[in-house]
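Report on the following structure.
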Amino acid sequence: MEDFPIINLEKLNGAERAATMETINDACENWGFFELVNHGIPHEVMDTVEKLTKGHYKKCMEQRFKELVAKKGLEGVEVEVTDMDWESTFFLRHLPSSNISEVPDLDDIYREVMRDFAKRLEKLAEELLDLLCENLGLEKSYLKNTFYGSKGPNFGTKVSNYPPCPKPDLIKGLRAHTDAGGIILLFQDDKVSGLQLLKDGRWIDVPPMRHSIVVNLGDQLEVITNGKYKSVMHRVIAQKDGTRMSLASFYNPGNDALIYPAPALVDKETEEHNKQVYPKFVFDDYMKLYANLKFQAKEPRFEAMKAKESDPIEIA
């Protein structure tokens, strides 16, 4: 079996740059996922984020989750549960404006640590987008500029904990889906596993690694690259033992950003493969569609946006 792609970002600064860029390109084309080490975010920062996140769950969220499970009778289910996930979550918005000061139950130290962590992740996300531009032959900042819209990108973090589950064969931690947005940076538990991606018809574990950042591509990057890069189905399998921490940060286009295949890539792709062009749409319109179809295949979403399309793409 192929090895899950692990990228050492430090190698971009030396003789192995070309090989590292090729590994990133292959991961984007064939996996939709890769894992970063030596990514520039200090280990002590990540350790503090982990400690405070796990402490917050224990103090503020664990009992609520147990009450929810009891209320819905989930511990005694005998058939597969398909309408909910075995997860405890809250969401922090960073851009275009932050909601961290308004989220209840967070102490001041945790708020400040998460603000700092978000700034570091934002910088890393934009660096990664520029690396993708380089691999794609697009001008630097093309993706960042496309995401910008009129008010800048949307950027936020879904903070999740996946508690021990008595019936992991009947309840998913998180049901299979592709991510709607742009590029996703995940800081996950290094001891309790559960994240899997679908590749060539098989579910493959995303390996937990201490101090790594897992990166995956959302639907918008598949559209902008005209299918050269892929967003892939992934899921979280609940575990019988241990609570899995997950902080997924979504660097997405602004609400009014216009999303469509990069003309340079459409030219190349159509000449070589005569591939059908992806749709052109406003990001917020896609998100409204996605809200009701998250746990279904992405292709009908693309087709629905194409059907709504009134402004055909002009290829320069």
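From the backbone N, Cα and C atoms, a Cβ is placed for every residue, glycine too.
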If TrEMBL is the reference, give me the range from 2-29, 114-141, 198-225 marked as coiled coil.
114-141
Could you break down the residues of the domain 'Fe2OG dioxygenase' (153-253) into DSSP helix, strand and coil, giving a count for each?
6 helix, 45 strand, 50 coil
